Amino acid sequence: MSAEASVGSHAADSAQSAVSQPACLHTDEHRNQGLLGSKYIKLNVGGSLHYTTIQTLSKEDSLLRSMCNGETDVTIDSEGWVVLDRSGRHFELVLNFLRDGSVPLPEDHRELDEVLKEAQYYRVQGLVQHCLGVMQDVFESVCRIPMITSAKEEQRMIATCRKPVVKLQNNRGNNKYSYTSNSDDNLLKNIELFDKLVLRFNGRVLFVKDVLGDEICCWSFYGEGRKIAEVCCTSIVYATEKKQTKVEFPEARIFEETLNILIYENNRGSGPGGLHLLDSRGSGSSLGAGQSEEEGAVGGDRRVRRIHVRRHIMHDERGHGQQTVYKD
């Protein structure tokens, strides 16, 4: 090939490149100007069709705004719909948030997580923060039962907690005697009642399940950092010269003390009035069958109501062949 032919060919290629490049630039410019120049926009999000305005999509510095101002490439079909390869299930919620600045979120945790994922994809930070805030509230409302590992940790938590505290001390491993025939069932009933109270009063009372200490099944009720009442559910009985542990289930009294401790919720029982209301409660209350009440001085004139089941001492008087029952 001659030098003249080579120069001619190079000139032809340059001319063709010069013609095609402006055409490509014109196409992009036309596409971007089409979004910016329009007041309304049609969106096809995974087959879900939405009709909105450029102003709505541009309210936040998000992926949708960058699509409108040409910073992000978009795909437009032959009918003028902007196609987004995402699920359209929650896109209406994203649009409503952009329109109103707030939107009710689904209560289901899985759906809420899906909305969060969509908000993060579209970079709508306001909706992202809204979802995270609701999820944090849901997380805090979940029942959490602290497991105490030391007496100091327990005292510190009770002293610093702003809510009333109900503690169930459940140290079955400390028992050196066998149980009576009903003790296992009653112990289980106490644990089940604890779980029911947790579900019913969650968020208003702090429930603690403790495996330390000497008591096998003992309820303690705290308000403003001090113990208000105690319900001990165990006693030692003697049958045919054998010691056994008896576990009672004073459900009514436990529930009553739990309701009584709500006086301390949000420090509403603080001050002499609240303390007097609780401390004077024991003198006028009626005890169920098989229960006794003691009061021990704590901190001057403040007293702790200690409720114990009556202890039954049984032994077999072999000389007479009859069984005698003594009650203390």
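Cβ atoms are placed via backbone N, Cα and C, with glycine included.
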Could you check which of 1-22, 133-154, 243-264 is flagged in TrEMBL as region 'Disordered'?
1-22
Mind tallying the domain 'BTB' (39-139) by DSSP state, helix then strand then coil?
49 helix, 17 strand, 35 coil
The domain 'BTB' (39-139) [mean pLDDT, rounded to integer]
90
